[in-house]
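Taking it in order: structure first as structure tokens, then the write-up.
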Amino acid sequence: MLHNNTAVPPLLEVSGISKQFSGVMVLKHIDFTLFPGQIQALLGGNGAGKSTLMKIIAGLEQPDKGTLKISGHHVSHLNPTKAHQFGIYLIPQEPLLFPNLSVQENILFRLPKHQVDKSKMKQLLALLGCQLDLHVSAGSLNVADQQLVEIMRGLMRNSKILILDEPTASLTPVETERLFAQLRELQQQGVGIIFISHKIPEIYQLADQVSVMRDGTIALSGKIRDYTTDDIIQAITPAAKDQPLNGTPKLGLDLSNNQHQTVPDRPILTVTKLSGEGFSNISFSVKPGEILGLAGVVGAGRTELAETLYGLRPAVSGEIKLKQHTVNGLKTAQRLAQGLVYLPEDRQSSGLFLDSSLGWNICSLTHNRNTFWIRPAYDTAVLERYCQILNIKFSHINQPIKTLSGGNQQKILIAKCLEAHPAVLIIDEPTRGVDVAARNDIYQLIRHIAQQQVAIIFISSDLDEVVRIADRVLVMHQGEINGELTKQQMDVDTIMHIAFGEHKPQQAASC
């Protein structure tokens, strides 16, 4: 690590950076410094300005005021090509790979010919302690390996500054530790790393410096060892401390007029010996008002199962019953009309229409069902109702959803699912890329929805939140249910053991 040497000049100096969009100041006189061999965690609430600051550093946005110095050189009119030339590489939360190209082709894509060095690529893989098959398609990799490919793309371009945006959002603890080991190795080589995260415990494992943004300013900055968790949470937002889930939150959300009639003590969804791509022989049931957790490592088959239940993938065998009626032969739209609603893991590519307005997105599942015509006034009324209920922050009603922060995008996606009046709501990674305060909003909302007799299947890689939210949990391993735990039985360690197939406990009583 080089950053302890005060004689070493900074890799990056940001001075007085300001930026506004549509008259709204999103960055206000930001100062930020990164040294060689330093891992600096960057935290902040949704809309705090983290993404805008990183886009400016990566050349994707231009500042209105302020200066950037890279390795001591003043830089103006930075664009992505120049940023790469200066050794800056941004690794997005969702890896941007070509799924049909090989790993090697993705790593070398658009690399200048004089930098195409396959022996160097293999040396870097060895340095990171990885054994990637360079000839398989990138689309066949799990998220952890896709992120490694993105890191390799940066290193092959001689990057000295790596920006990682929520890299552990969909990783298991084991995959997270493997990534951390790789980042520590890069740190030893003098690479400066900006590590954006909403998971406070993990920054204490990895970072040596921390900066917290709030309302477009730096609210806290310094050595990580000088701050407690409470200090960081307070800097993110004074009201962001975890709230207990006891009692009924007064959110103003009323699903009592839900068109789907349910019987509280009778399972509303029953799955029997279901097999499909990525999973086999799955059987379970869920009752109205129950939150059923679905845990497992990446590749265990959770998302594949959810997409099959919703009709996005075909079932090979087995039966799905919704309200005592088999739905195997029904299309997705028909299952939706019967009250089966799915909130996908990837909100940007699968859940939202990024160039469309907020209200249009919320009502998009019901437009075709209710009327051929799109009704702007109706969409606006629905938007205003959900924005008040879910505390969604936006500038104007016609604002494209792609301009919102990740947490507000996720709340819009939840509102879209609720507007479809679910009887069964399948939620896949609902807090991915969401800050502490927004997570608590979502936890409270999920509990409130369940209290109104909606059955919820809750998929998450964050085992702490599975334990916190779920009434019961099914743990998948290699495409099968390897264990079932009641609320009293579940804890993170037990779930982890089952998820890795180490033991299969006695099954909890089926509900």
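Cβ coordinates come from backbone N, Cα and C, glycine included.
A quick note: this is a predicted structure, and the numbers were derived from the prediction, not measured.
Here Swiss-Prot flags Gly44, Gly45, Asn46, Gly47, Ala48, Gly49, Lys50, Ser51 as ATP binding site. According to DSSP, Gly44 (ATP binding site) sits within a strand segment.
Under the heading domain 'ABC transporter 1', Swiss-Prot lists 12-240, citing sequence analysis as support.
A mean pLDDT of 82 is what the model gives for the domain 'ABC transporter 2' (263-503). Annotated domain 'ABC transporter 2' per Swiss-Prot: 263-503, in sequence order, evidence recorded as sequence analysis.
Under 8 Å, Cβ to Cβ, and six or more positions away along its own chain, Lys50 (ATP binding site) finds Leu42, Leu43, Gly44, Ile196, Met213. Of all the binding-site residues listed here (Gly44, Gly47), it is Gly47 whose C-beta has the fewest other C-beta atoms within 10 angstroms. Cβ contacts within 10 Å of Gly49 (ATP binding site), excluding its own Cβ and spanning all protein chains shown: 24. Taking the Cβ of Gly45 (ATP binding site) as centre and 10 Å as the limit, one finds 25 other Cβ atoms among all the protein chains shown.
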